[in-house]
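Only one structure is covered here, and it is reproduced in the block below.
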C-alpha cells in the first residue's frame, strides 16, 4: 500500500511513446505509487482530464510535455479553483520553465519529484481575463521565431533550432511600435523583443527576465528597443548592463497597446490583438518544486 496519494499524469501526445517515460512510470508503480495516465489529443483535453482528476481524488496533476502543456494544465487548475498540486515532467523542445526552476532532466527523477516533492504556492499570470501563462509572454522578434521555427527542426535540434532559425530571418524582422503601461511605468516606442516574465527564460534558454521570481507577486518586463535588430543586438551583447537598447520594469500588471495587430507567445501559445492586459494572480497555484529552486524567494 502506497504512502503517497494518487497522481494523474497528463501527457502531450507527442511524448507519450518515450521508452524512458514508460520505464519511469512502471518503476514508481512497482514501488506502490498509484499513477493514472492520460494522453492529450487536442486542445481542451487537459481541462477534461482535470475534471476527471477531481473525481479520482488525486492530489497531484502532472503536466508531461513542453511549456505549452505545462501552461494548459496550470491555467486549467487555476480556472477550476482546484487545490491539487501541479507536477512537471519536461518532455518538450525547450522546456524553459522546467529548466529554470531546476526540474531534473532525468525522467525518473523528475517524475518522482512531481509526486513526492514539497508543494509551494506560486504565481500565475492572466491575460485579457481569458488565458494566461506560468512562465513568460514574449512579443516581437522572439515570438515570430518560436512561432515560425519548423517542427522538424525543433525535433532534431531542440532549443538551438530557435537560434538557427532566428539568424536566418534577421534581415527581414522589424520592430513593433507599441505603448506599455504598468505601476509607476510608462514606455512608448519601437520594440524588437518584449519579455514579460513570471519566470526568467524563453525561446530555448534566453534569459529575458533574469531577476524574475515565481512567488514575489510581480511581473518582470524587459524590452529590447531599436529600429534595426542587428545593431541593437550587438550593442546589447557588448554591454548588457548599460545598453541603451534595454528597458526594464516591474509591476503586478502591464497593459500593451499597439496601432497594429501584435502577437504574444504565452508559454508557446500565440495570442494576437491590439490590446493586452497581463496581471499576476499571486499564490494562485501549488507546484511541486526542488527544495533549492532558484526562482523562489
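Keep in mind that glycine also has a Cβ here, set from the backbone N, Cα and C atoms.
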Site-mate of 66, 67, 68, 69, 70, 71, 72, 93 for ATP in Swiss-Prot, selected among 40, 138:
40
Residue 269 (active site, proton acceptor) and residue 69 (ATP binding site), distance between Cα atoms, whole Å:
10
From the Cα of residue 218 (Mg(2+) binding site) across to the Cα of residue 71 (ATP binding site), what is the distance in angstrom?
18
Local backbone state of residue 67 (ATP binding site), from DSSP in three classes:
helix
What subset of the binding-site residues 40, 67, 93 lies within 10 angstroms of residue 269 (active site, proton acceptor), using C-alpha positions?
67
